[in-house]
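Heads up: the structure comes next, in structure tokens.
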Amino acid sequence: MPRGGMDDHWPSSDDQGHEPKEPEQLRKLFIGGLSFETTDDSLREHFEQWGKLTDCVVMRDPQTKRSRGFGFVTYSCVEEVDASMSARPHKVDGRVVEPKRAVSREDSARPGAHLTVKKIFVGGIKEDTEEYHLRDYFEGYGKIETIEVMEDRQSGKKRGFAFVTFDDHDTVDKIVVQKYHTINLHNCEVKKALSKQEMQTASAQRGRGGGGSNFMGRGGNYGGGDGGGGGNFGRGGGFGNRGGYGGGGGRGGGYGGGGDGYNGFGGDGGNYGGGPGYGGRGYGGSPGYGNQGGGYGGGGGGGGAGGGGYDGYNEGGNFGGGNYNDFGSYGGQQQSNYGPMKAGNFSGRSTGGSGGSSSGPYGGGYGSGGGGGGGGGGSYGGRRF
């Protein structure tokens, strides 16, 4: 139920004389599929029914000022975010929209970060952790459909990771945004679990054009099986440094089966891959994705490709859009209902090889961009609204 009528005034955090206690990232929703007629005011009018908003903005092309078909709302607390998500489906200006919990800049660089899935991977669980420990912990987030604690086929020994499937993708989004969880007195790392097909989809979204194999730089091909030693998250592998997610090349084994384990768990490859960082050489020739900070869908400099997308919104950068910069700051000159925002990079394409800036509250890469030879690519991926 909405917490108030359309005309109710939810005071900002400033009205109460203190800032919200919970991190902004946990209080923020991405809203996709907006009508091009939707304004900051009409977006706010709808979503403030479930709580007070500390920010609300419809993202617009910096030149034409036309809506890019998505926006963000930030509540004052996570409880209000939960209430809003529980009230789905949402219709704004006569159009059903697609709310999701916003993804952090750090997580945005990870393969499949923006895909909608109902299964999580739980890594780092100990030998004494049983299925009921996982059920007791995760059922507090939402309805569980299945739990799989992975074991060695021959010895029956637990392999140190598990999969949990829920009935709602929002439960997964809520869990993974927290990153670390304590289960049976042990710290565990939780990520979205993607099928091979989903990884290929994520790869295709990020890897349109440019050099390097499918969003892992050289030798990676997350999902391909390219590379000599260390397939699938195992020995020497690491999220695509060499080998692939479930790919066949080399000594690693497949997704959760055989070889040296999933993502370094249960094997000797080190947590999340050993190797030089997440994805080896990087997307576009330098360490890290996008050369010097091009976010998800941003443009990797140094010969890399732009590409990318967030679950398929607005193919091709949407109206020639700028380098929106994932989750943090729409910055530039754009203002929200609450006045000018902190500096960021929503100002057309970036230049000089830096595929996007990292400052501000919505920094990252929901846009096109790409300087220094990087390709422009897709903001929010495949379908227009």
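From the backbone N, Cα and C atoms, a Cβ is placed for every residue, glycine too.
According to Swiss-Prot, the features are:
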type: COMPBIAS; residues: 207-218; note: compositional bias 'Gly residues'
type: COMPBIAS; residues: 350-385; note: compositional bias 'Gly residues'
type: DOMAIN; residues: 27-110; note: domain 'RRM 1'
type: DOMAIN; residues: 118-206; note: domain 'RRM 2'
type: REGION; residues: 1-24; note: region 'Disordered'
type: REGION; residues: 199-218; note: region 'Disordered'
type: REGION; residues: 331-385; note: region 'Disordered'
The domain 'RRM 2' (118-206): DSSP-derived helix, strand, coil residue counts: 27 helix, 33 strand, 29 coil
DSSP-assigned states of the domain 'RRM 1' (27-110) in counts, ordered helix, strand, coil: 25 helix, 32 strand, 27 coil
